[in-house]
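The feature transmembrane segment is assigned by TrEMBL to 46-68, 83-105, 158-177, 183-202, 274-292. If you look up TrEMBL, you'll see 49-330 marked as domain 'ABC transmembrane type-1'. The domain 'ABC transporter' annotation in TrEMBL covers 364-591.
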Amino acid sequence: MAEEPLRIADDIADDDDRSPVELAPAVPAREVFRRFWPWVRPDRRWLPVSTALMVAGSAGEVASVWLFKNLIDDVLVPRRFGAFWPLAGAMVGTALLSALLTFLGQYSATRVAERFLLRLRTEVVSHLHTLPPDTLRRRWHGDVVARLTTDIDQIEQLVASGVIEAASALISLVFFAGAAFYLSWPLALAAFAAAPVFWFTARRFGARIQQLSREARRCEGGVTAVVEESLANSDLAHAYNQQDREVERVRREGRSLLRAELATARVAHAYPPLLNVVEVIGGLMVVGLGAFELTRDALTLGGLLAFAAFLAQLFEPAQQLSGLATVIGSAGAGAERVMELLATESPIRDRPGARDLEAVQGRLSCQDIRVSYPGRHDRPALRSVTFDVEPGQVLAVMGPSGAGKSTLAKLLVRFMDPDPETGAIRLDGVDLRDVTAASVRNAVTLLPQDPHLFHASVRDNIAYGRPEATESEVRQAAVDADAHDFISALPHGYQTVLGEDGLQLSGGQGRRIAIARAFLRATPVLVLDEPTAGLDAPAARRVLDPLRRLMAGRTTVLITHDQALARQADLVCRLSADGVGRCEHPEGCSV
Ligand SMILES: Nc1ncnc2c1ncn2[C@@H]1O[C@H](COP(=O)(O)OP(=O)(O)OP(=O)(O)O)[C@@H](O)[C@H]1O
């Protein structure tokens, strides 16, 4: 599902030279509004308020220009200085009021825009967190980050600030145009002859910009993804002397982005100067006609200058409105990518009416399950796996690489479910598919190989699964995990922020933090995925003691390659290379 839009586009691309983005369907503005309006809705009352304030600011500008006309006609031309002071006072007052209203309008528009961004970004992130890790891993993280930043920004520029700007530009346009017509309708008609040219160019340019900016956004996602992956694997790049290759990878993606951005810039930056040419021609026509009107006394000098000022003011909202085509184009491109993220569904969904698992004892059974990854139904990762583990017993799971051990761990925390129409995994006799995934995860703690340390204090890292834990509970968990001594020796003890000032823990210390985290959760079932893998013998020994304490009295599924560790288990499940499970007592008698 997640990959679908690109896959479809790739298929088409086989017999077409255009890029996938050019071929993917554009999202029309109406659809962008329909999909993203719910995140604007809580602030919808502010849209007219911001628009009204900005329009009032524009009205103030109209009034200022009108006062300027009076200044010329009543003070400068007749050389009557007496009328200057009241006019000057009125002009300053109007300018101040107009500045205040414009400020308030723009501030409230920014507030609406930022609150929209906050809501939508949080919603997309919360949707991403409904997806199991495998579904997320299938995507480039950098590309997801680009969708959460640039693409969401572009949607905002249409559905929140775009609405306010368009409405206030439209109303300002009416104000300035009304004032211009009031001053001299023949001049105004001449000036407005340029309007169809604006409209036509806006449409042509808008469509092209939409197409180009979609390609640019796709390339930007690629750059972010490669930079992120490259930095995340920097130790490998250094160790294998592949830094230049990593730089080249980023440069290659960057070149595609450069090409796409330049193509967009050629169109987007050609547009305003072209409009300026139209503006100059329109202005000259007005001056020529204005001079004619002056000679036949149909217009005063102040009137002509005020007219020119209105016209200049009018071009800004006109340009804003025609720039809307660009905004619509970019928002359509961003919307397509964000909608695709939101449409990615989790393969793990609670059944309607699924209840919570409660008061779990820890009797774990697995009956003849088969498990396949998406698109690999012909080659199941696990099949015919059966075992029964009583509360408090330890089941060691062994098997060669690729046999399906980690897949079994994923099933036990419901990152995946067994294939439909096959057996079930039961906890205290309840099929895990019949209860909520959250309650399964409340009963089962997974200790993955990677301790997953966050850039946060040691205390917060330990309390990750129970943020409300008291300081003494956190400390006790660290003591139980044999981590208290090295934590106390850190510069700020439990408040030391990991990763800050280059502070890294050793592999064994990291594991013990993770064990402390598991102690604090204190669930009846544990899944340990190769808890000593990657550690040297002394570090592994330091991890084993706290692990034994952790496992005591808890049903434990222990994935391991270590024969010595497996011998201490109550049961052993051996998975063959093709994912078939066979269970036995450690001594070799079949269960
Ligand atoms: N996300 C995935 N998508 C598709 N196939 C997968 C995925 N994860 C694992 N597999 C496949 O499922 C099979 C079992 O993988 P799994 O990771 O469970 O093996 P394992 O026994 O844990 O291996 P190892 O000891 O090397 O960690 C392998 O053939 C693997 O290629």
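Residue numbers in this text run from 1 along the chain shown.
The backbone N, Cα and C atoms fix where each Cβ goes, and this holds for glycine too.
Model confidence over the domain 'ABC transporter' (364-591) is summarised by a mean pLDDT of 87. Across the candidate stretches 46-68, 158-177, 183-202, 274-292, the maximum count of CB pairs under 8 A to the transmembrane segment (83-105) is reached by 46-68. A Cβ distance under 8 Å defines the sequence-distant neighbours of the transmembrane segment (274-292), meaning residues of its chain 6+ beyond its ends; these are 184, 186-187, 190-191, 193-194, 197-198, 201, 299, 304, 307-308, 311, 315, 319, 322.
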